[in-house]
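Comments concern the structure below.
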């Protein structure tokens, strides 16, 4: 049988999907990891980036965090975290083996797209709009909540979308250090020369990534009904880093 | 060396910072002892990265020209490449295996696809950044479309294009490590081995070299751009 037929067979066998360590089990695990890490990244990154953007300082940090995140291989960071005494490869509840190490790495890699786009979004609010807000007698807090945040929201949302897709991809790599997620099936398939399993699981991860991207794009459109009326910009939606 | 060896005779014979009992994060002796392995992995890493970025560049150029010639194709080209970009690297490599097997080509093609997405945008944004009046004067001077492209538009697009190349190169250096799935990960193979054997010095050395390689290639691109666009330097003064 050819590799394609074997892969098809693997994907159409119910046993591949069900049970502990099956595709569905691993998919749920990876989704849980992705969402948790994204929420952690939002909780840490958003306040910092919004504040920096509001006071107009720390641009150096906001831009360079992206450059650092791009140069450090996810795999290397995961390897260090798992090999260290803490967090190490310990199980963490539903997050699976090396759960804590994976969560830390994923949350860290969610920060660059979140911080950079949020900071840029706040800074790109036009100066005359800010002057008008000041002229109306708005306080700094009022200006932030009523002017800067609403105008920055569309670009911020594209940052969240980038982070989501990137965290999903990074979560797959976690398997290279014997971590959780669907990547574990890919890695073990390749390690045991069961390539059809590895390729089948890779298809599942790829389709899930596309579904996440499309769902996030849809959610983004729902959140910003005013987009059409906004000043048209020639700026294309930013792309993140591949992971 | 001999003097040092005499004063610390018992310690010097046995590797002190990596052994079954000692597992330091950084170990100069490991770097000394495994110099050849490390050098080979670094060379492989560099080759895969450079090949992938060149492949991306080679594919991105005609695609960008197509998108400019037929504006309707632009959204399709950007959409498809962005879709491929969304696929995680650890999933993209297995999907290529049926076609390219367990070879360095699998990694080069996979990473080339990611570089392609960044570079098509770089070409398009770069060409768009060329002022219209410059193009008009060149046409007025009798420049044909090929000469216009290579003598006027591409040189002026270079700063934006190089910016995209820097992003593509640095991220490709980092992603090459994932190639360890098909045993062609360059320094990633050392990281993988280090994780399996719980060998801290090995994986940290490889990780540090990865980051250094990214910084080095980034610097090379910055220098190349300064040399290729002398007019930009004069403006800055």
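From the backbone N, Cα and C atoms, a Cβ is placed for every residue, glycine too.
Range with TrEMBL annotation transmembrane segment, chosen from A:60-83, A:132-155, is A:60-83. Using a Cβ-Cβ cut-off under 8 Å and counting only residues 6 or more beyond its ends in the same chain, the transmembrane segment (A:199-219) has close neighbours at 3, 7, 10-11, 16, 23, 26-27, 30, 160-161, 164-165, 168-169, 172, 182-183, 185-186, 189.
Counting Cβ pairs under 8 Å to the transmembrane segment (A:60-83), the stretch among A:31-53, A:95-115, A:162-187 with the most such contacts is A:95-115.
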